[in-house]
Amino acid sequence: MQIRHFLQFKDFDRQEYEYLFDRTRWIKNEFKQYRRYWPLTDRTLAMIFEKHSTRTRLSFEAGMHQLGGSAIYLSTRDTQLGRGEPVEDAARVISRMVDIITLRTHEHGVIERFAENSRVPVINGLTDEYHPCQILADIFTFMEHRGSIAGKTVAWIGDSNNVCNTWLQAAEVFDFNVHVSTPPGYEVEPERAGLYGTDHYEQFVSPHDAVKDADLVTTDVWTSMGFEDEADTRKNDFADFRVDAEMMACAKEEALFMHCLPAHRGEEVDAEVIDGPQSVVWDEAENRLHTQKALMEYLLLGRIGVR
């Protein structure tokens, strides 16, 4: 079977995602029914993390165990990567000892170089540029609650970060619209915006205008990992971009709210929104587990048929 990697959302087509979501539904149901499903017995996942993580690490580690395999966590601080070993050399060695790898790092170029030299599938557990596993779970969560996302409108409020970038790629795959509203100076990079065009992406100055008639409102922390030195400046710059009840009222009545977590109540979102009836953030977080189990199954076994 040809080795496939999952480094960006555009690495798979819509048909493949529909298959993954079908598998996710079945795998999640088996999990809820406490039925054992071990298709990855004797397979090993290596998780190489340069950045801190709660949900990504836990969902991959628990997911691999629940599929019958085992998982090994490697921090770059504890390996030779942290002492300057070339990424290419690390990929060649590690991929001879395990069956699949999740890499969470800063520069997206690092994971591309790693994948080019790996003998096994590599999954992007987050880079500064993309977070495809998060959007995989987000779209599945939307489908659970509202059906197909095709033709819908997603409003992204806040920093145009890696999650925002991935939403833009997903809009191309699933044919939905993304409204982005950021403070001046934090807009989607012009060269990146040019990749998507106005059919699926539109930039708004006012967050309330961006949210108008949206089916899904989503945001993230104002200060992503690696930008801690800018925290005070960002709090001032993003002060008008907090998702509150007034902003949610501009969206459709049945609109959902998502946040990839961790959240800072009173900053990017008010407590009454994230803890309110429109919020599906806890389903969203749980679905990281189920979608990534389907992803690992697909990368290691290919299509096995929907049960």
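For all residues, glycine too, the Cβ spot is worked out from N, Cα and C.
Residues or ranges marked as carbamoyl phosphate binding site by Swiss-Prot on the basis of sequence analysis: SER53, THR54, ARG55, THR56, GLN80, ARG104, HIS131, PRO132, CYS133, GLN134, CYS260, LEU261, ARG288. Taking the Cβ of SER53 (carbamoyl phosphate binding site) as reference, residues of its chain lying under 8 Å away and at least six apart in sequence are, in sequence order, ARG104, GLY125, LEU126.
Look at Swiss-Prot and you will find ASN162, ASP220, SER224, MET225 tagged as L-ornithine binding site, backed by sequence analysis. ASP220 (L-ornithine binding site) carries neither a helix nor a strand DSSP state and counts as coil.
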The correct three-state DSSP answer for CYS260 (carbamoyl phosphate binding site) is coil
Fewest neighbouring Cβ atoms within 10 Å among the binding-site residues ARG55, GLN80, HIS131, ASN162, CYS260 goes to GLN80
Row CYS133 (carbamoyl phosphate binding site), column other C-beta within 10 angstroms, all chains, value 25
Closest of ASN162, ASP220, SER224 to CYS260 (carbamoyl phosphate binding site), Cα positions, binding-site residues only: ASP220
Taking just the CA atoms, what is the gap between GLN80 (carbamoyl phosphate binding site) and SER224 (L-ornithine binding site) in Å? 26
When the Cα-Cα distance from ASN162 (L-ornithine binding site) is computed for each of the binding-site residues ARG55, HIS131, CYS133, ARG288, which gives the smallest value? HIS131
Nearest to SER224 (L-ornithine binding site) by C-alpha distance, among the binding-site residues ARG55, HIS131, CYS133, ARG288, is HIS131
